[in-house]
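Below: the structure, in structure tokens.
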């Protein structure tokens with residue numbers, strides 16, 4: 001057995017290198033032509049049924065408006081019913097023929113089942129499931145006193161997606177529908193204080209990569225890995241040990257000098273990619289390069305993140321190099337939309 005592994009250790013790397021050297025160029029050309037076909041023959045979602053979780057604000061809200069403009073029927077789910085009603089009203093004005101609001105906590109399996117059941121009772125079909133609900137926790141691991149208080153991050157960011165997908169899968173298979181998964185570039189980026197959030201996004205990315213194989217061509221999956229997008233998270237809304245915290249100084253520490261993309265632009269790109277049948281979408285597009293840095297130069301990425309996101313010894317936690325650049329140069333007004341600098345995110 002050891003001899004087999006020794007042989008593979010010697011043969012597998014050079015074989016893979018030369019295989020990719022000759023295979024990748026024609027394969028990329030093939031994918032380019034597929035993308036053209038996807039653009040020419042995009043899915044028409046008019047009259048189709050789209051379920052969106054976390055639709056009361058941020059990316060979920062803007063995704064609802066984008067689907068509404070295309071004439072889709074919507075089922076909007078979130079914990080804040082009043083905000084959902086406001087989103088639903090605007091979605092109707094934008095062109096959605098029918099909008100259903102369901103108050104639900106996706107961390108609870110029974111609530112996720114309720115969302116799917118009400119969808120089928122109302123429309124009798126389900127075409128797109130947009131798994132979007134999520135929260136962000138921010139804390140250094142060694143500063144966490146009760147680590148069980150961070151279970152909510154995984155309950156919502158991971159299990160909420162699992163529950164919704166499990167209950168919706170039979171109906172999506174019948175309609176040969178699509179799942180749009182709001183993961184994050186944090187699934188590969190080692191941002192300090194975001195270990196729980198990063199882990200939840202890495203878990204969900206791999207979960208849906210596996211489901212691609214299990215579902216095959218019956219259910220399409222578009223995996224979205226955005227950078228920093230205009231939302232309540234980039235307004236400074238965090239969850240620490242189960243408690244909601246509004247901390248824009250910590251937001252400045254965590255976002256640092258990274259430009260924040262306007263949510264309308266991100267939502268347009270996500271829906272456009274979904275109806276084209278694309279497997280992956282990263283917004284803003286330039287954020288894809290961070291994956292290659294992580295893949296080929298992980299040591300460099302770790303050094304940069306320590307420099308930008310961690311304070312020097314003896315300095316306050318929030319006095320990081322990245323935040324100092326924001327404070328002393330005035331570039332914050334160029335990098336952050338005005339909407340993320342409001343003192344209080346939307347709340348019911």
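Placement of Cβ uses the backbone N, Cα and C atoms for every residue, glycine included.
It is 13-26, from the ranges 13-26, 27-40, that Swiss-Prot records as motif 'Proline-knob'. The range from 10-30, 52-72 that Swiss-Prot describes as transmembrane segment is residues 10-30. All chains included, 26 other C-beta atoms sit within 10 angstroms of the C-beta of residue 134 (NADP(+) binding site). Annotation note: residue 64 (NADP(+) binding site) sits in a helical segment as assigned by DSSP. Local packing around the Cβ, expressed as the count of other Cβ atoms within 10 angstroms, is greatest for 79 among the binding-site residues 69, 79.
DSSP assigns residue 200 (NADP(+) binding site) to a helix in the three-state reduction. With the fewest other C-beta atoms within 10 Å around its C-beta, 184 stands out among the binding-site residues 184, 200.
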